Every structure is written in C-alpha cells, then in structure tokens.
Amino acid sequence: MNKHPWKNQLSEMVQPSGGPAEDQDMLGEESSLGKPAMLHLPSEQGTPETLQRCLEENQELRDAIRQSNQMLRERCEELLHFQVSQREEKEFLMCKFQEARKLVERLSLEKLDLRSQREQALKELEQLKKCQQQMAEDKASVKAQVTSLLGELQESQSRLEAATKDRQALEGRIRAVSEQVRQLESEREVLQQQHSVQVDQLRMQNQSVEAALRMERQAASEEKRKLAQLQAAYHQLFQDYDSHIKSSKGMQLEDLRQQLQQAEEALVAKQELIDKLKEEAEQHKIVMETVPVLKAQADIYKADFQAERHAREKLVEKKEYLQEQLEQLQREFNKLKVGCHESARIEDMRKRHVETPQPPLLPAPAHHSFHLALSNQRRSPPEEPPDFCCPKCQYQAPDMDTLQIHVMECIE
C-alpha cells in the first residue's frame, strides 16, 4: 500500500523520548551496540555527572536526528516534485507524439492529393496543346473568310457610288420639272378662258395630281422611315458587333455578312424607289404638258417639289454619314482582326479550365437582333393607303392610272 516504507521508518526514528526511563532504555540499547561498559558500572559519586553527560549526549543526538530528519523530508519533497515534473514531461511528450503522428498522416494525404493534381495538370496540358493546334487551323480559315468579306465590301461600295450617281441624275430631272412648272405659270391666264367642262376636267386632273403627290410624299416618308430603320438596324448591328467581337470571330464575320446583305437589299430598294420616282416624274411631265393647273396649285406643287428636293438632300447627307460609319467600321475591323484571335483563344482556354464549363456563345443573339430589326422594319405600322376616288361618281379605283382613265370617261 505504501510506496515509500522508508518514510515511515524515518518518522518513527524522530519521535522524541518521554523521560528518564526512556533515556535509560536508550542507554541500554547504546550499550548493547558497543558503548563502553563503564556507563553501567554502579558508582554513587559519578552517577549525577554521568547522567548529565548522557542527557547532553542524548540531546545532541536528538538534534542531529532532527536535522537529519529535516534534510530527509526536504529530499523527499524534492523527489516528489521531480516525479511530478517527470510525469508532466511524459504527458507533454505523448501529446507531441500524437500531434506528430497526425501531422505525418495529414502530410501523406496532401502528398496523395498533390500527386493527383499533378496528373490532372498533365492531362490539361495535353488538352491545351490540342486546342492550340485547333486554333491554328481555325485562324487560317478565318483569314480566308475575312479576305472574301473585304471583296464583298468593296463591291457594295461600288454599288453605293452608282446609286448616288443615279440619285443626282434624278435630282436634275426634278429641277427640269420645276422649270416646266414655271413655264406653266405663264400659261395660266390662257387656261382660265376655257370651257367650264374643261375646268371640271382640270379640277379632276388636279385631284389626280394631288393624289400622285400624296403618293410621292408617302413614298418619301416611307423612304425616310426605312432609312431611319436602316440607321437603327445599323446602330444595333454595330452594338452587337462590339459586344460579340471578343467572344467569337465567326459570329463577327456572320454579322458583317448580314450587314452587307442588308446594305445591298437597301440599295436595291432605293434603286426601285428611284425608278418609280422616275416613272412618276415622267407621268407628271405628261400631265403638266397636257393639263394646265391654276396658279395656286402650281405654287403648291412647286413648294412640294422644293420640299422633296430638300428632303432628298438630307437623305444624301444621311447616306454619306452611313458611308463614313461603314468605312470607320471597316477600319476598326482591321484593327481588331489581329487581337481577336488572341482574345478568343485566351477566352476558350479560360472556359476549359473552369470547374463548371459554360456553353459556348453562339452567334444566334446577333442574328436574332439583326433579323428582329429587319422584321420590325418590315412589320412597321402600315400607313393609310391613298384614296383613288372619282369626285363625280365616287368610283374607287385601285391605282392612279385607272383613276385617270375613269375620270376622262366620266367627264365625257
């Protein structure tokens, strides 16, 4: 039970004696251990001195034992403290050992993880090399497409210049018609002397001319509206081009192709409108040669022609502005042509490295916005159709030529 039996023995050794009897016992024990035999010799004269000396020796022995006992206690406490410190150090070393074991296990797991990451990186490097080869092939095909698009762009510019020349010729004819209107003013006095039937006929023909003017105005307004829609579609195309220039080179080329096709269609529509205006100008010329008009009506007609000429000059300015925008777009396209290859390749590489790959951007939004602009242009609110109605019998004619024939027959 007791871990230190020697400690109990020491405590028994340091118990103080109770009295002279005990001293005598101790003296007997000391004599048995080898003390001189003269202490036990009975002597009446030497007994008090001997007893006093024994007591002093006993006291000295007690002091020595007490000091020895105190030293032993201090030594025992030091040993206990040392044992406690050794136990704490052992626990600390065990804790450090457990931490070191956990650290070794964690480092082993990290080593396995790094090894798997290294293998994954090698696989990705192989994929990147394959992608680089594919990008080189795509670069050659894109260069060929850009060359073909530049040729188409030059062809469309030549067509635009031809349309501008035709428009200038048409304006010259309009000025000639205005000169004829001034000549008709001098004939106004003679025309006022004619028969009342001729006056009615002139009024009917005047109404037909006004209807033709309304048609021409509507055609001009339609042309302005189409030009505004074309300009809006052009701005929309430019925005789509600017937003998708970094995502896909093929989409840019497709947008430019659609834009060139739209410009060609617009030029064809302009050419048809110019031909129609030429025919109407010829009809007006015939009408002005055969049917005189009142001065007020001639002034109105002249003012309308001047307004139309002013409007056409504005249209010319707008077309020149669009031509400048087209040239600026071509210059920007040439500047961005080289940078787009690198940006597209970097973007594709970045998309392949993300954890959740995003679907590639398709050129559908640009085409959709372009076709939406065209559909909005085609589905614009319809204008009010011209009223080809006979003022005498209220006959509703389908077109201006039919109305003129009917009016002549109705008057006769």
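The backbone N, Cα and C atoms fix where each Cβ goes, glycine too.
What Swiss-Prot records for 1-197 is region 'Required for interaction with and ubiquitination by MARCHF2'.
The feature phosphoserine is assigned by Swiss-Prot to SER31 (among others).
Feature annotation from Swiss-Prot assigns phosphoserine to SER43 (among others); the stated evidence is similarity to another entry.
Per Swiss-Prot, phosphoserine is recorded for SER68 (among others). Following the DSSP three-state reduction, the secondary structure of SER68 (phosphoserine) is helix.
Note: SER85 (phosphoserine) has no non-local neighbours, i.e. no same-chain residues 6+ apart with C-beta under 8 A of its own C-beta. Swiss-Prot lists SER85 (among others) with the feature phosphoserine.
Sequence annotations record features per position, and here Swiss-Prot assigns ubiquitin cross-link to LYS111 (among others). Following the DSSP three-state reduction, the secondary structure of LYS111 (ubiquitin cross-link) is helix.
Here Swiss-Prot flags LYS143 (among others) as ubiquitin cross-link. DSSP gives LYS143 (ubiquitin cross-link) a helix state.
Marked as region 'Interaction with TANK' by Swiss-Prot: 150-250.
The number of other Cβ atoms within 10 Å of the Cβ belonging to LYS226 (ubiquitin cross-link), over all protein chains shown, comes to 18. Taken from Swiss-Prot, the feature ubiquitin cross-link applies to LYS226 (among others), supported by similarity to another entry.
Taken from Swiss-Prot, the feature ubiquitin cross-link covers LYS246 (among others), and the record attributes it to similarity to another entry.
Swiss-Prot lists LYS270 (among others) with the feature ubiquitin cross-link, giving similarity to another entry as the kind of evidence. Summarising the environment of LYS270 (ubiquitin cross-link), the number of other Cβ atoms within 10 Å of its Cβ, over all protein chains shown, is 21. Mapped onto three states, the DSSP output places LYS270 (ubiquitin cross-link) in helix.
If you look up Swiss-Prot, you'll see LYS278 (among others) marked as ubiquitin cross-link. Classification of LYS278 (ubiquitin cross-link) by DSSP places it within a helix. All chains included, 14 other C-beta atoms sit within 10 angstroms of the C-beta of LYS278 (ubiquitin cross-link).
On its own chain, LYS285 (ubiquitin cross-link) has VAL177, GLN180 as residues at least 6 apart in sequence with a Cβ closer than 8 Å to its own Cβ. DSSP assigns LYS285 (ubiquitin cross-link) to a helix. What Swiss-Prot lists as ubiquitin cross-link is LYS285 (among others), and the listing cites similarity to another entry.
Residues or ranges marked as ubiquitin cross-link in Swiss-Prot (evidence: similarity to another entry): LYS295 (among others).
Taken residue by residue with DSSP, LYS302 (ubiquitin cross-link) is part of a helix. Taken from Swiss-Prot, the feature ubiquitin cross-link applies to LYS302 (among others), supported by similarity to another entry.
The 10 Å shell around the Cβ of LYS302 (ubiquitin cross-link) contains 16 further Cβ atoms across the protein chains shown. Summarising the annotation, Swiss-Prot assigns SUMO cross-link to LYS302 (among others).
Between the alpha carbons (Cα) of LYS318 (ubiquitin cross-link) and LYS226 (ubiquitin cross-link) lies a span of roughly 12 Å. With respect to their backbone Cα atoms, LYS392 (ubiquitin cross-link) and LYS226 (ubiquitin cross-link) stand 36 Å from each other. Proximity of distant same-chain residues to the zinc finger (382-412), defined by a Cβ-Cβ separation under 8 Å and at least 6 residues beyond the stretch ends, is recorded for 197, 200-201, 203-205, 207-208, 211-212, 214-215, 218, 221-222, 283.
For LYS270 (ubiquitin cross-link), the nearest of the recorded sites by C-alpha distance turns out to be LYS226; the candidates were LYS111, LYS143, LYS226, LYS278, LYS302.
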